[in-house]
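See structure below.
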Amino acid sequence: ALSTHGFSVPLLLCWFVFGGEKPSWKVQSTSSPLEGVLRFLKLLLLTWVNCSSVRWATRVQDIFTAGKLLALALIIIMGVVQICKGEYFWLEPKNAFENFQEPDIGLIALAFLQGSFAYGGWNFLNYVTEELVDPYKNLPRAIFISIPLVTFVYVFANVAYVTAMSPQELLASNAVAVTFGEKLLGVMAWIMPISVALSTFGGVNGSLFTSSRLFFAGAREGHLPRVLAMIHVRRCTPIPALLFTCISTLLMLVTSDMYTLINYVGFINYLFYGVTIAGQIVLRWKKPDLPRPIKINLLFPIIYLLFWAFLLVFSLWSEPVVCGTGLAIMLTGVPVYFLGVYWQNKPKCFNDFIELLTLVSQKMCVVVYPEAERGSGTEGTSDDMEEQRQPIYQPTATKDKDLAGQPQP
């Protein structure tokens, strides 16, 4: 799962950096060199903010989230005004359910897969549970509040769009909010492009903040190089993990076909969502006595799995090449796992190189491993967990220790 998210996290960032608003299976993203430079600078700026201070990052997120919600509120209000003026042709049932092409179950599944991308942030809050105050109470509360709120805002924003745009115009537009503003705001149409830019700015910041913690946790469990589990000595920010996320995203910015990457990762993302939910059901059955501070009725994961099976099976049937390529990308993590994690007896030269790289990275980033976490709450850790937390390399003994072990003349 970490391998897949290692691809999907930079991809999500890349989508935000591109300023994308509406993924489409047919749209191609083209850009000028100036736009590429601006994307590069935007990503570097927000990486620096996240490396400098957790407080700065959260304040940036609060400000831009508020700006995004205000822009969406403006869209919804304009949609209500349109409906009051009688402009709801495409909301009438006879028009809203008109078929523009032959119904196809595979295309319906793809539509769900594409539409769910807009709601893909529901799982990112889980990456920062260690930084939440009272996570067992605040994490469910945040999810219960945010998902209905986001659903309400997005649904009514789309209702507002169709009061001024036909389905053909929606499909043809690369930025629906901008086209909507041009139709209804007149001389104030500049508000929408700025709002979209601010929205993507906040999206990059939020993804950087949460996704870097995924790499941090993976490194702490021994599935990634140990240096990614280190934090700054004063700022307490995971600088190596943030830089790794930034570099991964920059590598993906070299492509101009952003939406092809989205198509690849959408399938494998939901594949692992389903595997994770299935694992929850299996653990509830096989290990019913495990401590579960957050517990829900099994009916909900079962319903999710039924929907998940429909989504993946028909998506694979409709777009076998796209989904197959996504699976191939996912499988590239298998040899990395065997070389980096499963293979314990690595050559001394490999361990020495990793150790040197870790030391240099520590000095450059001024980071250390959070030793305090090792000594607290680990008394009851099982042998299996201890084995999983073995680092990706085995550190070699220092010269002083070697000399200390030699008999004195």
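A Cβ is built for glycine as well, from the same backbone N, Cα and C atoms used for every other residue.
The region 'Disordered' annotation in TrEMBL covers 373-409. The feature signal peptide is assigned by TrEMBL to 1-19. The transmembrane segment annotation in TrEMBL covers 63-84, 105-122, 142-164, 197-216, 237-255, 261-285, 297-318, 324-343.
Note: the stretches the transmembrane segment (105-122) and the transmembrane segment (142-164) are in contact (3+ CB pairs below 8 A, sequence gap of 6 or more).
Comparison of 63-84, 197-216, 261-285, 297-318, 324-343 by number of C-beta pairs under 8 angstroms to the transmembrane segment (142-164) places 63-84 first. If you count C-beta pairs under 8 angstroms between the transmembrane segment (197-216) and each of 63-84, 261-285, 297-318, 324-343, the highest count goes to 63-84.
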